[in-house]
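Q: Pulled these features from TrEMBL for this protein:
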- 124-495: domain 'Myotubularin phosphatase' (DOMAIN)
- N272, I273, C334, S335, D336, G337, W338, D339, R340: substrate binding site (BINDING)
- 304-347: domain 'Tyrosine specific protein phosphatases' (DOMAIN)
- C334: active site, phosphocysteine intermediate (ACT_SITE)
- 634-685: domain 'FYVE-type' (DOMAIN)
Amino acid sequence: MDDIKLAKVENVRMIDRYNTKNPTVGTLYLTATHLIFVEPDSNKETWILHMHIASIEKLPLSTTGSPLLIRCKTFLSVTFVIPKDSECHDVYTSLIKLFQPVSINKLYCFNYQPAKDDFPKNVGWDFFKLEAEFKHMLVPNENWTLCSMNEKYELCDTYPRQIYVPKEATTLMLISSSRFRSKGRLPALTYLHNNKASICRCSQPLSGFSARCLEDEQMLEAIRKTNPNNDYMFVVDTRPRINAMANRAAGKGYENEAFYENIKFHFLGIENIHVQRASLQKVLEACEQKSPTMSAFLNALESSGWLKHIRSILDTSSFIANAVDKGISVVVHCSDGWDRTAQVCSLAQLMLNPYYRTIKGFQALIEKDWLAFGHKFSERCGHIQTDAREVSPIFTQFLDCTWQLMSQRSESFEFNERFLLILHDHVHSCQFGTFVGNCEKDRLDLKLAERTFSLWGYMSNHLNEYINPLYKPNVDESIKANLAPQCIKFWRGMYSRFESGIHPREPLGDLLLDSKEHCNSLEDHVQHLTKRIASFKNYISKSAKKLQDATTTTTTKVTKEPTPNEINDNKYNYDKKLSELSAADDDHPLKASNMSFANLSLNAEQTSPQALSEEISSVALDWKSMRNVTTCSCSTPFDQFSKKTHCWRCGEIFCERCIDKNVALPGHDSGKPVPVCRGCFRQMQKQSP
């Protein structure tokens, strides 16, 4: 809190570029982690996490005050007009210190504590193990083996400890290849297809104009031999040829075809991190035009080159996926093998393997090809004060390409757009330790698994929000991207998501998911009622049989001749039979009280009538329509980005804050915890014994 010079400023105006004539007036609060703007009239709050801030700019003084322009990594752009220049300066200097810490140990994740005990700190850190992911691919096997030489990161400090290499590879080959490749990133297996074709990844060779390494040549030949179905393989350099040639002057470059046998080389032309950073900046400028016309926006988007870059990444990924699908192994690299290589290797696997198109599989893909193989998240996302030239939207592009595939083949993906947006925002938020650091070694040195919470642990509590209602598992083994220019779209949901007025209030995906959840709730309730009715039928039939047997027995006794000892006195006999009935077992079929439906349920399921009534009424049969619901019961307004959630018990709609409990409903057969509002949760707590 020492960095905060001013904690609260009143009469601040927030300017929306679509509504400059009537700006919102409210109070600005500055906390240790967030900048919060509260609009008292509408009860709306705008929360900006310090770690999400990309840039802060003090604009020239106006007649109404001192404007402060804040641009966020989540693509929110907002201007606050603060009445006094001195107050604006205090907020500005405080934010400059807070939004980009000097030390990695000052990041938000090291102080973050969930508001409630949602999940323990250790949950999520053990969801994915590299060995388990390779076991899915049946590795190790007769061709591939686990290399133990990187246990202490001595072979390559930006690679994982477990790397898989050809069985033929000798220690000398591995060491020499590592020394011959930039940053020691030797060729290592990342994906093995079921037809024995593989994807290996590495960095550029330090070949210069004429240098060669026999062991590196032998290493690539050993990789080729792991696939007996083809006598050649591809080496894909993801860079434009001219960039690779320029690197030769610096002693790096690319493989010389004369030295590498049975290999076909391809340059596939994805631009470097600096071009991608500048391109995204132009996209944001296109989105921030004051009053954009159709031609002005489209021209600005075209000149940014962003969609061209997205298509280029998809094109390269498709080339790799098609080669592997045909049984041809591929070795992929760029300059250092942690940006473009990560993009195209992971996207190719997404196209080839339906497992990676599930929620768990996609998370595993990120763990393997991005986290374990050393994509520099902290540098590329600007987590701490660093060289601005190292910042680049490489992971954002990967998510964009995934969204393009989802748009074309929505039934092939288990997850929805919200899943990708949550991933994007938390990669930048540093709220969780999952994406902090530049490689596996960094994360171990920082002891993130002990000191911070895992994003996967958090997401496991919200999986129902990420389900794609159109998903059809096992429809396609592999999918292909349509690379026609008109099929590559601008991702409005990412780059323009905070622009009010251009989104539907209820996204179609949310409406479909809501309908699916309602159907699931009703089916679960029907299942429970069916079992209840079956048990009642069973009990009634048993009781009826006992009653019939008892009636028959009684009739027989009545028709019998009275014995000499039996007294022929109706009153005496009636009283005697009544006393016998009273002393009989509770389930005697002639007992009058036993024939009530309340007691039927008691004997059938050991459930009181009150509990039975609670079971039936615990599931909402009608859910309130999401359409045109503008505010939650707590007065929080819903905008186009807010998640509206139904309470499965009462059927009303609430915001995420008001529906933070998951409990099992008595009227559901599955016993699965489902979302309930706070009011229903309290009511259920009172009713439970």
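In case you wondered, yes, glycine gets a Cβ from its N, Cα and C as well.
Thinking about packing and proximity, how do these listed features fit into the structure?
A: Other Cβ atoms within 10 Å of the Cβ of W338 (substrate binding site), summed over all protein chains shown, number 26.
Residues 158, 182-183, 185, 187, 190-191, 193, 195-204, 220, 223-224, 226-227, 229-230, 232-239, 247, 252, 266, 268-273, 275-276, 279-280, 282-283, 285-286, 356, 365-366, 369-370, 373-376, 380, 392, 394, 397-398, 400-402, 404-405, 478, 480-481, 483, 485, 488-490 of the same chain lie 6+ residues outside the domain 'Tyrosine specific protein phosphatases' (304-347) yet bring a C-beta within less than 8 angstroms of a C-beta in it.
Its Cβ taken as reference, C334 (substrate binding site) is surrounded by 28 other Cβ atoms within 10 Å in the chains shown.
Helix, strand and coil residue tallies for the domain 'FYVE-type' (634-685), in that order: 8 helix, 11 strand, 33 coil [DSSP].
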Q: If you skip the near sequence neighbours and keep only those at least six away, which residues in the chain come within under 8 angstroms of N272 (substrate binding site), Cβ to Cβ?
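A: In sequence order, R239, N243, S335 meet the Cβ cut-off.
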Q: Starting from the Cβ of R340 (substrate binding site), draw a 10 Å sphere and report how many other Cβ atoms land inside it.
A: 28
Q: Taking 8 Å from the centroid of the Cβ atoms of N272, I273, C334, S335, D336, G337, W338, D339, R340 as the cut-off, which other residues in that chain fall inside it around the substrate site?
A: S203, T238, T341
Q: Taking only same-chain residues 6+ apart in sequence, whose CB is under 8 Å from that of D336 (substrate binding site), what do you get?
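A: Expected: S182, K183, R185, S203, Q204.
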